[in-house]
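Data block below; observations after.
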Amino acid sequence: MQDKLTLMIPGPTPVPETVLKAMGRHPIGHRSGEFQAVVRHTTEQLRWLHQTKSDVLVITGSGTAAMEAGIINTLSYGDKVLCGDNGKFGQRWVKLAKAYGLDVQVIKADWGQPLDPEAFKRALEADNGKTIKAVILTHSETSTGVINDLETISKYVRTHGKALTIADCVTSLGACNVPMDSWGLDVVASGSQKGYMMPPGLSFVAMSERAWQAHQQSDLPKFYLDLGPYRKTAAQDSNPFTPAVNLYFALESALGMMQSEGLEAIFDRHARHRAAAQAGMKAICLPLYAAEGHGSPAITAVAPEGVDAEQLRKTVKEKFDILLAGGQDHLKGKVFRIGHLGFVCDRDILTAIAAIESTLQSLGLHKGNMGDGLAAAAAILR
Ligand SMILES: *Cc1c(COP(=O)(O)O)cnc(C)c1O
């Protein structure tokens, strides 16, 4: 049905009408006083979201641009780094670090399992010469629906004393607590089409004072993504290049909505939706893919044994206009993922579970009684 598509993928996520309307006006000059006021306001809003006093810079690009900026602005050719890898986005960090000639030691965990903070601790403690320059990891591993213990790992990095913590918080920021300053994070990367309730197109990179010190030494090639000019112009409420002016309007509007709701309320909502999605799936005998107790607040991955996940997804889309995410790489057909990140309300969760149940029933694959999943989810949301 036209205009009825509900996105329940981990980005792009649904966009509120208020935000769409804010975007849908004529662009204004990016060197005008009117636009400077928008930059000034959004800079403050972004600091609020990141719970930081440091700079949060805005890049026109997708989330990966912020990840890349985080690497090339703080590190140098041949630098030794520890990289966490327990899914597709951990792999992206490894590839990105290698593409710039970093000396990458990978700390792996199986897909579906969280990274082991103790493995990072051991590697950092063994580094007597303090040669490790950064610990790089994904907070919410979107491909598997696992949340990694960034807080503990970051604490171990601070104890090491030299290394920076560089984190992909693309699907954790705006879904759960990511207090940049109190956790001692040095680089936090995120993207507009995730928890921000915005269309794709902007990415955000927050840099601690330690990260700026590293920037002075960093010799990796950079021009468009050199954060130096971004910092300098941000101090004058401006940007080094032509920014995505209309996406800034959306940003101001979306962050305003988030501020009205409040951080605690936003985190509670995501935690409740995670609990409801998990309970709903378990109640109809669909196993969760993420290890128990380590599910992401942004996305629930489900591994439905004996069900073709792609067929399920396709049918849910065709019959109900709800787009679920599939499995990536070797998980294709084996896993589907329910995105509950950003502009999501209880109704969306209940509807998605009902649609999944109804689809399973029509395929003759429902393993319990129709409505069991819905009842379990509703009990959580009540
Ligand atoms: C979506 C996402 C990204 C960014 O991907 P882009 O397509 O570049 O926006 C990075 N990391 C995680 C964990 C993500 O979910």
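Just so it is clear, glycine is given a Cβ too, placed from its N, Cα and C backbone atoms.
Unlike curated records, TrEMBL annotations are generated automatically.
Annotated in TrEMBL:
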{"type": "DOMAIN", "residues": "12-328", "note": "domain 'Aminotransferase class V'"}
{"type": "MOD_RES", "residues": "LYS194", "note": "N6-(pyridoxal phosphate)lysine"}
{"type": "BINDING", "residues": "ARG337", "note": "substrate binding site"}
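DSSP assigns LYS194 (N6-(pyridoxal phosphate)lysine) to coil in the three-state reduction, placing it in neither a helix nor a strand. Cα separation, the residue listed as 'N6-(pyridoxal phosphate)lysine' to ARG337 (substrate binding site), rounded: 15 Å. Using a 10 Å Cβ-Cβ cutoff, LYS194 (N6-(pyridoxal phosphate)lysine) registers 28 neighbours. Around the Cβ of ARG337 (substrate binding site), the same chain contributes ILE9, PRO10, THR142, GLY145, ILE299, THR300, ALA301, VAL302, LEU324, ALA325, GLY326, GLY327, each under 8 angstroms and 6 or more positions distant in sequence.
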